[in-house]
């Protein structure tokens, strides 16, 4: 008899007043008992709509059935067949627009908490299982993966499971891409990212850090000199945008990428960190995506008394996940909607002293269907602040495009591929933000998965 | 991990290290830089490639001990390892096609100017080198510069070696003597590059400077190293580090360089205490 409760089992979280002062994980995860209870809410419907909502097609009802029985390791094995990073996805996927949006229980009540269950299973495995995964029989073919973010890691994991000899090349000193430098510790503990990468290494994936492809080696050299039969480019979209307004060069003006890299990758939030970060009193974050929420919540945790998110559209248009906005509000982040900066004012000692903004109103819908914000004449006002973080989005770094012969890209820098991830170059595939521009972790993983299948087919058709 | 094959003190505060880094050595060109992390807890700092040997697979770096990280780096001995060493990064200096060039180096900046002068010399250009130091005991790479220069001017602030005065004095003298330079390449403290640029602007001589702003990743993903060149925002790590000296906003660069002064002072004290050294 299924558990007919209309609501998801709550997941305990740290109190907002406490957590806004530390970098420990906010959501604490299910216990074995609550996981079993939640799993019993699944109706095991025949057509499994939830699976269709998952970009990597996890066999959701099957793993949930195992959780309901208390067979957690078996549940992990089912997830692991299709997903390489379950502990990550269970935490950062927007399940409300993916698997859980399709759940039948959601029609009359809340959907099954698929994400929380996935997270529970992965954490349980990582804490309890010492079994090494079965390593596939080597098939003698070499594939290179450029970038160790979600797209690259997924592609590498899937190919390794098929017996390929896979090497991942990472530019930074730690693997993980945005999982390591971007998403903060309190949403995604770095020990969990590291554990997922170790799981991939146990499958035989090699990870070479400090390798900037496009500088140290080119894609062409990987193919021609180093014998990689195919290359997957998962180099992301890491190039930050600025507004080009006066005052952007002041000392305490950061791109969100810089601020988050200092805090997360370099651990500048620790008192004993050797990488500095400014600890400001009043911080303005410009933008409304998940990156803006992450930056604002980090600034608060670094001790800022006041953190304001400045966004040019209204609350309804915020691109960030509802849960992140909710968490930010609970932690005391202030939101100023329909507000756009025009100038950063110099304060003491070359630092920012304030930000001049204008009020906006929503006009006619633009080409994308969203109502375009229009400046309200004469509405200028100033927000006092001593630090500004620009979270306006990112575009693909041109390094790979500029150093790879015959690789077609869009005007804005995205690599052009077909639906299987094949680029204009034979044997060169791409996926994730490098192709789509800044999107989500799970879409990048889906692209990595699709490309792995295409690479497998390509190499097998050649031999 | 990257092994230190050779370590040599060039003067009391400047050290040379030859590092085993075959991938970097294979591609490195004058003007490019590397980013290193001394150990697992370390920060990432940029250092210019001072020399390289493609066959041996080695890269030479020359650094001045100015703070916590360079102090810790200087504590490493031959045979020990640098945790991370990534490069080559940045755009190489464009020296092809130049016939007659004045290379101006200031202090530890001479370590960056030297490979450029060497390459120019190898390409057959007439090289006039002007090197400046605060005093005699800080002089580095003198023999190396002499070997690749058609004309060499040694300047010290206090006159303890070479001629007393600034590099700009020597440069003006050479220009006034009728030397027609295709280009002046100036590498050293920002204030020196600023004054070299102001001088050459009067004579209308194209001038290239090598910028050294704060960096983290060095691959173009954060914009920490941004500067204004001809009114436009540029990232020194990918667009530079070389820029047109007449177009750079030097005052902005000097301001931004002081962002973490207090933190850096504390780090330096920590490192000095750790190694039981006098804090300077």
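Just so you know, glycine gets a Cβ as well, placed from its N, Cα and C.
So that you can see what the record holds, here are the features copied from TrEMBL:
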BINDING   B:62, B:63, B:64  FAD binding site
BINDING   B:222, B:225, B:237  [2Fe-2S] cluster binding site
DOMAIN    B:1-95  domain 'FAD-binding FR-type'
Per the under 8 Å Cβ criterion, the binding-site residues B:62, B:63, B:64, B:222, B:225, B:237 that neighbour chain A are B:222
Taking all protein chains shown into account, the Cβ-based neighbour count within 10 Å for residue B:222 ([2Fe-2S] cluster binding site) is 26
Cα-Cα, residue B:222 ([2Fe-2S] cluster binding site) versus residue B:62 (FAD binding site), nearest Å, comes out at 26
In all the protein chains shown, the tally of other Cβ atoms within 10 Å of the Cβ of residue B:62 (FAD binding site) is 22
Per DSSP (helix/strand/coil reduction), residue B:222 ([2Fe-2S] cluster binding site) sits in coil
Across every protein chain in view, the count of C-beta atoms other than its own within 10 A of the C-beta of residue B:64 (FAD binding site) is 19
Integer Å value for the Cα distance linking residue B:62 (FAD binding site) with residue B:237 ([2Fe-2S] cluster binding site) is 19
Model confidence for the domain 'FAD-binding FR-type' (B:1-95), as mean pLDDT, reads 95
Counted with DSSP (H/G/I as helix, E/B as strand, rest coil), the domain 'FAD-binding FR-type' (B:1-95) has 14 helix, 46 strand, 35 coil
Counting across all protein chains, other CB atoms within 10 angstroms of the CB of residue B:237 ([2Fe-2S] cluster binding site) number 27
Students should find that the Cα atoms of residue B:64 (FAD binding site) and residue B:237 ([2Fe-2S] cluster binding site) sit apart, in Å rounded to an integer, by 20
Students should find that the Cα atoms of residue B:237 ([2Fe-2S] cluster binding site) and residue B:63 (FAD binding site) sit apart, in Å rounded to an integer, by 18
Once DSSP output is merged into helix, strand and coil, residue B:237 ([2Fe-2S] cluster binding site) belongs to helix
